[in-house]
Amino acid sequence: MKNREYQQIDPQALATPTPTPPPRSLPEHKPRRARRKWEVFPGKNRFYCDGRIIVARQSGVLPLTLGLILLTSGLFFIFDCPFLVKHLTSCIPAIGGVLFVFVIISLLQTSFTDPGILPRATPEEAADIEKQIDNPTGSSSSYRPPPRTKEVVINQQVVKLKYCFTCKIFRPPRTSHCSLCDNCVERFDHHCPWVGNCVGKRNYRFFYTFIVSLSFLTAFIFGCVTTHLALRSQGGNGLVNALQSSPASALELVVCFFSVWSILGLSGFHTYLVAANLTTNEDIKGSWSGKSGNEDVGNPYSYNSMIKNCCSVLCGPMPPSLIDRRGFVPSDDSVQTSPVEIELPAAKNDINMVGRAVTSGRPPPPPPPPLVVTLQQPAISMQNHSTA
């Protein structure tokens, strides 16, 4: 039998096994929900339908406008149209229905459309603009920073671009900052509380369609109600009996009488602005009409033709929205995965032994000798192998 030598293992040389604690469960990293830009929009606006609808925060008058239109039109279709169809023609409710649809659609488009809000400057862009404006050295006490305006030439007319301290941008031509919505609006006309939104470059055509169609609808209802009461008062009945037989017509008559004049006047005023290619803001300030004292100043945006101005304001292509309110906000947390370090039990035992020695004041014991198992086989000579 072949001889084999074994080296005995000292049991004291073996380190006492230390129970390994169960691995800690790392907290699950829940990914954040991607937020859209309308959720962090800095302006004073309200968004609905996941950012598809935008209105001003102070839009409490809009339900009143919509309610008056629905109430007056509903009373007209219920109480006046049946009598007029019976005694005059069936075209009256058809004409009234077309005007009513135009009014409602144009009102909703004016109220729920982005008027032309300009996005605010990013911190990097704002810092770059501030460097261009302020004194780069600041050493000279007599140095005066340049005014926060820029001058551009449009059709041989100098136009000043003012710096907006809120949006941190130089406003483009015909742009103004609305204090109610807290936004810079391109081709700003005015803030209309009746529609609950600013009127600017992107929704002015809807606003003009709304006031013109509303003036036609109001005048149409006023004329039809007057005709209805006149027909009822014939035959010796009198106006009092006619009002008593149709009290809803009296309410319509009062509402239309007090509103038709203001609506017709507003439609005529904006027709003049469209023909001259002006805005309400420019007309009030007298920027190009000589009211500001500059009599020789002409409107650089006018095409010198009423037809061209009307086509430019009302029939041009619809500009896209610049705020991208349904886009996603870029994630700020750049989480990088790092390699996981795993402690081996042997290394942990060494650390525990050193820690116990330090606390007791004794030098740490030497590490245990490595566990060596030596398996020695006797060398078998060729002679033995051959004789075997």
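Backbone N, Cα and C atoms are what each Cβ position is placed from, and that goes for glycine too.
When the topology recorded in Swiss-Prot is consulted, VAL85 and ARG232 turn out to share a side of the membrane. On the 0 to 100 pLDDT scale, the model's mean across the topological domain 'Cytoplasmic' (109-205) is 85. Other Cβ atoms within 10 Å of the Cβ of CYS192 (active site, S-palmitoyl cysteine intermediate) number 23 in total over all chains. Long-range neighbours of the transmembrane segment (254-274) within the same chain, counting only residues 6 or more positions beyond its ends whose Cβ lies under 8 Å from a Cβ of the stretch, are 68, 72, 207-208, 211-212, 214-215, 218-219, 221-222, 225, 280, 283, 309-310, 313-314. With a threshold of 8 Å between CB atoms, the same-chain residues lying at least 6 positions outside the topological domain 'Lumenal' (80-87) that come near it are 93, 96, 221, 224-225, 227-228, 231-232, 246, 248-249, 252. Helix, strand and coil counts from DSSP across the topological domain 'Cytoplasmic' (109-205) read 17 helix, 29 strand, 51 coil. When Cβ-Cβ distances below 8 Å are used as the criterion, the topological domain 'Lumenal' (227-253) is approached by residues 72, 75-76, 78-80, 83-84, 87-88, 221 of the same chain, each at least six residues removed from its ends.
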